[in-house]
Each structure stands twice: as C-alpha cells, then as structure tokens.
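Annotated features, as they stand in Swiss-Prot:
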BINDING   47, 70, 158, 231, 233  DNA binding site
BINDING   179, 181, 233  Mg(2+) 2 binding site
COMPBIAS  353-389  compositional bias 'Basic and acidic residues'
REGION    1-104  region 'N-domain'
REGION    102-121  region 'Disordered'
REGION    122-253  region 'I-domain'
REGION    341-349  region 'Interaction with PCNA'
REGION    348-395  region 'Disordered'
C-alpha cells in the first residue's frame with residue numbers, strides 16, 4: 001500500500017523534488033528494484049481477456065512474462081537492475097496484512113459471484129482484487145532472474161528498506177518501487193513506473209528525498225511522522241485526518257507526540273485516536289529497519305551472461321513461451337548488459353552540497369509560495385461567497 005496521498009502532498013508542496021523523464025535518461029545506472037511490488041503489478045497487469053496468463057498445464061505465467069519482458073526493456077535502455085525480495089514482515093505489519101487477507105477473501109467470493117451473475121467488467125475488477133504474490137511466484141521469478149544473469153538478493157524484512165541502504169551507500173543510483181514508503185526508509189532517490197509496460201506511456205518519476213524535506217520544511221523524523229499520519233502499512237490512519245490536515249498538524253505541532261496530545265486535549269474532540277495506535281513503534285521501524293549493511297557478503301551482486309539453453313528449457317518447454325522471442329530476448333540481454341557497463345559522466349563528479357545561505361533562500365521562497373497559495377485560496381473563497389450572496393438576475 002505505501003503511504004496514502006504522499007505523492008500528492010509532495011507534488012503540491014515540494015514540486016521541485018519530482019522529476020519526470022524517459023527511461024533512456026537512466027542509461028548506465030544500477031537500480032535496486034522492489035521485487036515483490038513488481039511481481040504483484042505483473043500479476044495484475046499482464047493479462048489476456050481479463051484473466052492471468054496460463055501455461056497449457058494451467059499454471060499462472062503472468063509474473064514470468066512480466067519479469068522477463070519488463071527486465072529486458074530496462075536492459076535494452078542501458079539500466080542494470082538488481083531485484084530485492086521481501087523477507088518476513090515486521091510484527092507490527094501483521095494487522096495490516098490480516099486486513100488485506102480478509103479483503104482478498106471477500107474479493108474472491110465476489111469474483112465467483114460475478115462469474116455467475118455479473119458483467120465482464122465485474123469479473124475482471126474482482127479478479128484483480130484477489131491477486132496475491134505466493135512463495136511459488138517468488139521462487140519462479142528468482143529462477144528466471146538467475147537464468148537471465150540478473151542478480152537478486154533477499155532482504156531480512158522490507159525490500160524497500162534494503163533498496164534504500166544500497167542507494168545510500170552508492171551501490172545503486174536509486175531504489176525503484178511504487179510504494180512511497182521507500183522515502184521513509186531514507187532512499188535518496190525513488191524511481192516509480194520503472195517496471196511499467198511501454199504501452200502505458202508513463203514517464204519515469206524520479207523523487208529526491210533531500211528536495212522533498214527542503215520543500216516541506218521538515219527534518220526526516222517529522223517527515224516520517226507526517227507519513228504515519230497520512231496512513232502507512234503499519235497503522236490505520238486517524239479517521240477524518242486527510243492529507244491537508246496531516247500536513248497542517250505536523251507543521252503546527254512539530255511531532256506526533258504533540259499532535260496526539262493536542263487531539264486528546266481538544267474539547268471539541270474533532271479527531272479520535274484509534275484505541276491501539278503504537279505510532280512510536282511504527283516510527284522506529286522506519287528509522288531503524290531490519291536490514292543488511294551494504295558491505296554485507298549477501299549484498300554482493302554482479303550481472304552475468306544469460307544461460308540461453310536453460311532459459312529456453314524453463315520458459316519454452318515448461319511454461320509455453322514462444323521460443324523465437326525467448327532466444328531473441330537472451331541475445332538482447334547478452335548485448336545490452338555489456339553496453340550498460342559504460343560509465344555515465346556523472347559518476348566522475350560528486351554533487352555539491354547546498355550552503356546554509358542557499359537552504360535559507362529556498363525555505364524563504366517556499367514560505368512565500370505557501371503564503372501566496374493561502375492568499376489565493378482566501379480570495380477564491382471570498383469570491384464564491386459573494387457570488388452565492390448575489391441575488392439572481394442582478395447585473
């Protein structure tokens with residue numbers, strides 16, 4: 001799920017943190033990819049007539065089709081992908097996972113009913129809601145990656161957190177995931193839409209954490225508190241607290257402790273904190289996740305030549321893929337992984353940190369922009385009020 005409405009908050013309040021561009025812009029870069037999120041998206045998106053792709057023996061192959069061709073697309077564009085798989089989820093996440101399981105069970109029931117009485121659209125809608133990444137899906141994708149010569153590692157817990165460690169250490173350029181909580185784990189750069197199909201024509205979103213914090217006028221701890229208020233995988237959100245209110249509360253009070261205190265002491269009781277809401281534990285999971293350091297032996301990885309005949313055996317003979325396409329893909333892998341070895345010019349230079357004066361200037365511009373937005377909203381509200389009060393037929 002990630003963080004509810006976080007992209008919207010960044011887009012509206014720290015627009016300079018987001019850069020949209022073509023996949024070709026990332027030529028020569030190594031990227032750590034959240035594998036589980038990618039596989040989930042493949043199971044949902046790679047379909048035929050609303051149903052997941054199947055082999056002749058009735059096995060699902062959408063995850064393998066997506067993994068093979070989307071990885072090929074990245075390598076064709078000079079990107080060197082590293083996939084990171086989830087480990088065991090943190091205990092605090094079990095409540096959210098239980099809710100997801102219950103929702104999927106309801107969707108499965110609704111899917112069966114829709115097949116009997118509903119439209120084709122109903123069937124597809126509920127079918128997508130039943131999707132779950134299994135151990136078998138993960139195991140088959142790992143086997144495929146190994147045969148393709150693409151490295152992968154297993155995270156102790158959250159894949160996004162492990163991707164962030166590798167990005168901070170400079171072993172990869174960025175972490176790639178659709179989950180915005182990757183920023184909470186201190187990934188310097190988050191790439192979104194990297195594993196989308198070319199047909200969707202979605203630009204790659206590049207989100208910079210330092211510019212996000214500067215634009216919001218927050219430190220990392222306050223940013224995490226904001227994300228918890230918005231709604232994360234570990235806790236249910238506070239009812240009636242939307243993105244604008246969450247941002248206002250953190251800016252006004254500075255921390256979740258003070259936000260909770262203000263809510264509990266509010267005589268109007270406008271908001272109610274859920275009974276079991278261990279926000280400090282959630283914050284700790286973001287600040288100190290269970291990860292392996294970048295120099296750990298299990299974080300070593302390298303790209304190798306694909307095993308063409310084993311790929312054909314697995315994808316063509318076992319899973320029913322087209323042999324010509326698989327062999328063509330393997331040839332592209334061999335050629336383009338060598339090409340991706342070329343270094344980008346940016347690798348020879350270190351970015352220059354902003355001075356205190358530059359940071360102060362940015363903050364001042366941001367505050368002025370906020371004041372201008374508030375002023376404009378007041379004027380718009382006043383104009384609407386006057387328009388409503390104006391009698392009909394008046395000139």
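Keep in mind that glycine also has a Cβ here, set from the backbone N, Cα and C atoms.
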Densest Cβ neighbourhood among 158, 179, 233 (binding-site residues), 10 Å radius:
158
Overall pLDDT of the region 'Interaction with PCNA' (341-349), taken as the mean:
52
Looking only at Cβ atoms, how many others are within 10 Å of the one on residue 231 (DNA binding site)?
21
Which one of the binding-site residues (70, 181) has its C-beta surrounded by the most other C-beta atoms within 10 angstroms?
181
Could you give the number of helix, strand and coil residues in the region 'I-domain' (122-253) as assigned by DSSP?
68 helix, 15 strand, 49 coil
DSSP on residue 70 (DNA binding site), three-state: which is it?
helix
Rounded Cα-Cα span from residue 181 (Mg(2+) 2 binding site) to residue 158 (DNA binding site), Å:
10
Of the binding-site residues 70, 231, 233, which sits closest to residue 179 (Mg(2+) 2 binding site) by Cα distance?
233
